[in-house]
Amino acid sequence: MGNVFVLDHPLIQHKLTYIRSKETGTKEFRELVDEVAGLMAFEITRDLPVEEKTIETPVTTAVTKTLSGKKIGLVPILRAGLGMVDGVLRLIPTAKVGHVGLYRDPETLKPVEYYIKLPSDIQERELIVIDPMLATGGSASDAIASLKKRGATNIKLMCLIAAPEGVELVKKDHPDVDIYLAALDEKLNEKGYIVPGLGDAGDRLYGTK
Ligand code: PRP
Ligand code: URA
């Protein structure tokens, strides 16, 4: 069964408070989401494999460590997932980036896929699916299913805030996928928004309504 990790590092929690606040405007919201994504990436990559490498320092020969070359792919779910990509890329600059376009039908709350473009070798990569919000879980679950259909076998999911319903759906549909969150909130409201949440992530990132 996939694990759920809530990354309760004080810096993440501090910044998340300002991300949630309705007083926070678009520019600051975008900057904070970017920063928290980077901090989360630091935790999510904790188990990346390393190998020993012999190098010469100015003083002596040393056997030290480098990443063992495992290939990573980032897959933001459009559009709000885009707001977290650069923060992760700063830590993993060689990652390739695929995109899955999904929107949630406001009536049915079911995800509708409108775009997908992925690196050609996703089956060889560890993929991190990125979306700030895991609400009903439909979007993330469908995006992961789309990746699996195309051969991906090693997938993690990274979200800022989740509702219990979303976590349960992803765990049920994709028990092999570990989920990384900055917060697990209380519930969904009648419109499918996470409570207390942060509102509409896409609108807050891009200043739309
Ligand atoms: C938001 C969010 C997720 C989805 C979560 O996107 O970024 O993708 O809702 O909801 P779910 O877990 O119930 O599927 P939205 O559909 O608003 O699209 P947008 O990013 O284009 O604004
Ligand atoms: N999508 C959002 O952007 N926010 C929510 O609270 C739920 C879905």
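Start at 1 and count along the chain as shown; that gives each residue its number.
Yeah, the Cβs are placed from backbone N, Cα and C, and that goes for glycine too.
TrEMBL entries are annotated by machine, without manual review.
Lifted from TrEMBL, the feature list:
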- 6-208: domain 'Phosphoribosyltransferase' (DOMAIN)
- ARG79, ARG104, ASP131, PRO132, MET133, LEU134, ALA135, THR136, GLY137, GLY138, SER139, ASP200: 5-phospho-alpha-D-ribose 1-diphosphate binding site (BINDING)
- ILE194, GLY199, ASP200, ALA201: uracil binding site (BINDING)
Proximal residue to ILE194 (uracil binding site) among binding-site residues ARG79, ASP131, MET133, SER139 (C-alpha distance): MET133
Can you tell me the CA-to-CA distance separating GLY137 (5-phospho-alpha-D-ribose 1-diphosphate binding site) and ASP200 (uracil binding site), as a whole number of Å? 15
So which of the binding-site residues ASP131, MET133, GLY137, GLY199 sit close to ligand 1, that is, with a CB under 6 Å from an atom of it? ASP131, MET133, GLY137
Of ASP131, ALA135, ASP200, ALA201, the binding-site residues whose C-beta sits under 6 angstroms from any atom of ligand 2 are ALA135, ASP200, ALA201
All chains considered, the count of other Cβ atoms within 10 Å of the Cβ of ILE194 (uracil binding site) is 28
Just to verify a number: CA distance, SER139 (5-phospho-alpha-D-ribose 1-diphosphate binding site) to GLY199 (uracil binding site), in angstrom, no decimals. 17
Sequence gap of 6 or more, C-beta under 8 Å: which same-chain residues meet both conditions with respect to ASP200 (uracil binding site)? TYR193, LYS209
Across the domain 'Phosphoribosyltransferase' (6-208), what is the average pLDDT of the model, as a whole number? 96
CB-centroid shell, 8 A cutoff, uracil site ILE194, GLY199, ASP200, ALA201, site residues removed: PRO132, MET133, TYR193, GLY197, LEU198, GLY202, ASP203, ARG204
Here the 10 Å Cβ neighbour count for GLY199 (uracil binding site) comes out at 15
What's the CA-CA gap between MET133 (5-phospho-alpha-D-ribose 1-diphosphate binding site) and ALA201 (uracil binding site) in angstrom, rounded? 7
